[in-house]
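Quick look at what TrEMBL annotates:
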TRANSMEM  12-32  transmembrane segment
TRANSMEM  44-64  transmembrane segment
TRANSMEM  76-94  transmembrane segment
TRANSMEM  155-178  transmembrane segment
TRANSMEM  216-236  transmembrane segment
TRANSMEM  248-266  transmembrane segment
TRANSMEM  278-299  transmembrane segment
TRANSMEM  305-328  transmembrane segment
TRANSMEM  349-367  transmembrane segment
TRANSMEM  373-392  transmembrane segment
Amino acid sequence: MTPSPHIGNYPRLLASRSVGAAILWIDFTLIFENLAFRWNADAVSVGLAMMLYGLPGVLFGPWLGAYADRVCPWRLLRWSYVVRVLSAIALWQAPTLDIFLACVALKGLSNIAPAPAEQQLFRHLLDDNALPANAGRVTLIDQITKLVAPLVAAFTAYAGFSGFTISAALGVAGFLLVSGSRTPINTGVHHSTQRTRPLWTVFHSILRDHAVLRRVFIVTLCQAFILGFYDALLSLFLKARGYPDGTFGSIVGCTAAGAMIGAFVFRHAVRLCKSTTLLATSCSLFGLTILIPAVMVYADVTVPLPLMLCLWIGNGLGYGLGVMLMMVTFQRECPRETLGTVTSTGRSLQLLVLITAPLAGGALSSVTSIELVFLVAGVSAVGLGLFARSPLRSTTSRLPRPQ
């Protein structure tokens, strides 16, 4: 590995990612906790808050990604922390529910700005061989903060002060952490011509010209739809099967544990397997963990709780491998001058399917059964794994082949 002249900035960037992930999951927990206990919001208001939290990423993600391609990514990170601090204070001090919901939208917007900047910086600071290990570290950070965030929210409630003050303090710390760093942006004729092209045209042309990237993106996008299709019904599935209280929380912890295991094995898996093989393994494992409980229900066989928990460790492992593979494939395959645009556009599409998929799953369960939703999701994911193994068309892929 040839070190980058800016490699000293990598620990700072990874620390910034840790702070940003902590802010995201703490805020997410606090927003819905406040809706329930501070504002006594009804189901309509909670659903509206969920939409306002995710909608900015769908609408503005591609444009923020394109902006990250044109400016210093460190500057975009700094401004994202400023907006995060302001939105946390606004959520803390909001006098009415309507203003609180408007601040939720602002918080959702502030959460999407760091991603394209981080993608550009990771690609600038690391060479191809270091990207899989970095994806594993980022996944570990995300999963650990996801588990710790509810504990922070519970502590603030017990101590009697607003958790948004912690979020604001972390935002200030993040701003100070990334202050003073600067990375030159791409320049040149090719970069300037990218500005004049519509964002969706840039995204389509990159996918069209890179077969591995196209395959990985399509499959992981479908995988995200399958996740959203069944995930909102999981607690109802567990209740209908007679599992004890707390099982859902245990399963959430198991999926996080599976993703952490994936973070440790991913670097070696990328080196040993072709991307299509790893993608097929991810989908098949993910699908089988959904399919097995559904088949056992139809066979009138009780799924023991330890088996259920083990299945969901495999579920988190399978899905996590797909997420990390997509991250690394985007970073390796995309030209650097369009990396922010392409990754943010892809993320916007993922958010869109994660918003719409629960509606489809809920509609199917209302006319059939929850068990059928799980059966359809499992079969679809396994079929997706078979598709992932099908031969690729010609490609200009830069992914190294396993030796």
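Using N, Cα and C of the backbone, Cβ positions are placed for all residues, glycine too.
TrEMBL does not curate its annotations; it predicts them automatically.
Taking Cβ pairs closer than 8 Å, the transmembrane segment (349-367) reaches residues 51, 54-55, 57-58, 61, 220-221, 224-233, 373, 376-377 in its own chain, all 6 or more past its ends.
Only residues 6 or more beyond the boundaries of the transmembrane segment (373-392), in the same chain, are considered here, and those with a CB under 8 A from a CB of the stretch are 211-212, 215, 219, 222-223, 226, 229-230, 233, 237, 276-277, 279-284, 286-295, 297-298, 361, 364-365. Spatially, the transmembrane segment (216-236) is adjacent to the transmembrane segment (305-328); three or more Cβ-Cβ distances between them are under 8 Å for residues at least 6 apart in sequence.
With a threshold of 8 Å between CB atoms, the same-chain residues lying at least 6 positions outside the transmembrane segment (278-299) that come near it are 215-216, 219-220, 223, 226, 230, 237, 241, 269-270, 308, 311-312, 314-315, 317-319, 321-322, 325, 371-372, 374-375, 377-386, 388-389. Beyond the ends of the transmembrane segment (155-178), by six or more residues, the same chain brings 12-13, 15-16, 19-20, 22-23, 26-27, 29-30, 33, 74, 77-78, 81-82, 84-85, 88-89, 91-92 to within a C-beta distance below 8 angstroms of the stretch.
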